[in-house]
Amino acid sequence: MKNCEYQQIDPRTLRTSTTRTSSTLPCGRKSSHRLRRKWEVFPGKNRFYCDGRIMLARQCGVLPLTIGLIFITSGLFFTFDCPFLVHLTVFIPVIGGVLFVFVIVSLFQTSFTDPGILPRASPDEAADIERQIDNSGSSTYRPPPRTKEILINDQVVKLKYCFTCKMFRPPRTSHCGLCDNCVERFDHHCPWVGNCVGKRNYRFFYAFIVSLSFLTSFIFGCVITHLTLRSQGGKGIIQAIQDSPARYPFFTNCTLNSFCTVVELVICFFSIWSILGLSGFHTYLVASNLTTNEDIKGSWSSKRGEESGNPYTYNNIFTNCCVVLCGPMPPSLIDRRGFLPADDAPQTVTSDAELPPFMAKNDTNMCTQGTKELIESMAHSTVIQSTCTPGTPKTAPVTQESLLSTVSIAVSPPSKPSTGCSDRQARRPTDMPCPQRGNKRAALHVHKPMLRLPSPPYSLGHSPLIFSDAPDMGFIPLN
Amino acid sequence: MAETHSLQDLRQAAVASKVFVQRDYTSGTICKFQTKFPAELESRIDKQQFEETMQTLNNLYAEAEKLGGRSYLEGCLACLTAYTIFLCMETHYEKVLKKIAKYIQEQNEKIYAPLGLLLTDPIERGLRVVEITIFEDRSIGSR
């Protein structure tokens, strides 16, 4: 006779398991068999490649054009000018090669590195901040721009609240409307590199524009030398262009040779002005420890005779340069390749204990999922004596409506990009030959929430200063 | 009815509330947290102990961001190699972050978990806050 032993099923555990399954179902399926990485649910408008190792802004701008122009011009240089000039000195192709590699590497570093994106506040954090703001006496509806004033090096600095990221932005941080992220030490969003320029990739950006100015000047100089040497046969420059050198049989097609030389000349001539101007401008910014954003807005210019200097400067050009370009490299804060917990729901507060006052404000019930459930089910299974009310599905009240939207942003996967590299710029050509003049003119157009300053390598004579409105962002216009 | 818990026990406990210690920007943009003792922790932990923990954390972050010969050397070397050195080498900052993670874990195990508290490494919150989770003070496990 079999000895059957039956274990009495605890009705409480039964009810818990049913509530757990019933409450998880409407909340959407999670990938139960594969752990997802954090980049897959990143709320900003970014693209990730190589399993999160490489990131770009979703609007890549004219990055392919930048890469194409650099490759084409350098290719033409190495193909048509170097064979001629190598007889002058062998260093010409070597220097050209080194500069080219430097330009490409720094361009890729600028484009593919996290510029210093700040992750959005977790729901608990956002709730805590909201509570602090409400305690300080603001009205319950969405108030006028929330700011917090702090003292940095005896200078009053206003910290603004970011409605998208649900936190007070640290100093020098700005929200980029194109990427929908708060970026630390935000300089500008550069469509030519297809990414924001911020704390972590400013040095790469600076290296890129400086090396690019050297490269374009070098190529320009070599092309002029090439043409001059050809014409020194006494036949004049036109004849020199049309002459086909017999020593280079591969390139005896003089039409092709002359066409390519002219192309190089035109590209280099027009890009030198803008690139050199931009390099000069950024050298000034580096030396005074400013960002383009601050300079354009005139944050630290002395107004009305008040001495409101830049609180971040070390008052020494050398120190400022060292700090900006050679300072310690901060880590990426967004942890793209980290794994999401098996149930990627935000932590919620239990309803067992006496609720802190701010929690009781809103009666909205959110279906519980994830860690809270796990903790509870474990607590139920280990604690035999029941300390919690049986039968009621455990739900955690959420403070405000805004938290729901934050949670839905955090949990839902990123929406597909609507357009590829759509160009949303309103071009307003402005000359920028030298930093001071360019700044004064640009300072007139200050009242826009977000600034995009392109660094065009080969623009046609102008370096347009592009401003665009941040679209449907819930952040405060920066004045 | 034991008052003390281990770190393992805490994972099964219920969260009562969370306290967020914000950044202190008075010295600029360097990473520094406020050392002011939050009111919610008054009943749980000694004020001096908490301030000591925060001060040590601040010192560690200051060490990571210190501008000195070593960081400049690292920066110059990186510049000369077109910054490709960042792909192979661990930066000084990252090394200190590991030290900080270890310190926080140690503090949790020795001091905070027995009191029903848990410190979250600020790097997991984007270096914005130090999140302190307060767990309910009830005994876990059957007798």
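Every residue gets a Cβ built from N, Cα and C, even glycine.
Fair warning: this is a prediction, and the values are worked out from it, not measured in the lab.
Pulled from TrEMBL:
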type	residues	note
DOMAIN	A:158-297	domain 'Palmitoyltransferase DHHC'
REGION	A:411-438	region 'Disordered'
TRANSMEM	A:55-78	transmembrane segment
TRANSMEM	A:84-108	transmembrane segment
TRANSMEM	A:204-227	transmembrane segment
TRANSMEM	A:256-276	transmembrane segment
Who are the long-range neighbours of the transmembrane segment (A:84-108) in its own chain, taking Cβ under 8 Å and residues 6 or more past its ends? 66-67, 70, 74, 77-78, 193, 204-205, 207-208, 211-212, 214-215, 218-219, 222, 225-226, 229-230, 245, 248
Local confidence of the domain 'Palmitoyltransferase DHHC' (A:158-297) - pLDDT mean: 84
Which residue counts does DSSP give the domain 'Palmitoyltransferase DHHC' (A:158-297) for helix, strand and coil? 79 helix, 19 strand, 42 coil
